[in-house]
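The block underneath contains the structure these notes are about, expressed in structure tokens.
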């Protein structure tokens, strides 16, 4: 059993790609950190746990279906969550969107009272759900997600508009319908309109603040 001094609350935030879940996670982290200090709260992006593909050629890497659960190293993520709950620090992996594989460097994370976990496929894995104290699904219409994704991937990740659209049609939308949307049933809280839903963010802040009392 986890020592009380090391108890770690895990909050999962899931939803479609570009649904606004990262914005909600970063807003909650920033505003709660101002209240309690960064020694008590941390964020783990699921994106960092894409499997290492350094053994594959670039041609093979770009063919990976990044919206399928098999693309994720959830075993490592689970191991890290359990380590944090046991009061042990972890080295978070980082992922390169331009090289399509894991970076060599990592980010050191000490145990925190609250960890915000965010990613598209979190709720598809029962083992991860069992580690969460509660979970959130950001429910944003797919057409809005597509527009946001195109803007983000072209401007921030060096992608072409054609490649973003092709990936959306081939894997992003089908995988959302097959895996991500059905996982919404496991969420404790549904947040519409993404990161612009200030009322929802304030409610979530109040809920999370209870764990610091």
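The chain as shown is numbered from 1 upward.
Cβ atoms are placed via backbone N, Cα and C, with glycine included.
The ATP binding site feature in Swiss-Prot is assigned to 15, 16, 17, 18, 19, 20, 21, 22.
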Open item on the list: On a simple 10 Å Cβ count over all chains shown, which one of the binding-site residues 16, 18 is most densely packed?
Closed with: 16
TODO: Work out the three-state DSSP category of residue 21 (ATP binding site).
DONE: helix
TODO: Determine the minimum-neighbour residue: among 17, 19, 22, listed as binding-site residues, which Cβ has the fewest other Cβ atoms within 10 angstroms?
DONE: 22
Open item on the list: Counting only residues 6+ away in sequence within the same chain, which have a CB under 8 Å from the CB of residue 21 (ATP binding site)?
Closed with: 13, 14, 15, 118, 119, 120, 136, 138, 194, 195
Task: Those binding-site residues listed as 15, 20, and which of them has the most Cβ atoms within 10 Å of its own Cβ - done: 15
- [ ] Using DSSP reduced to three states, classify residue 16 (ATP binding site) as helix, strand or coil.
- [x] coil
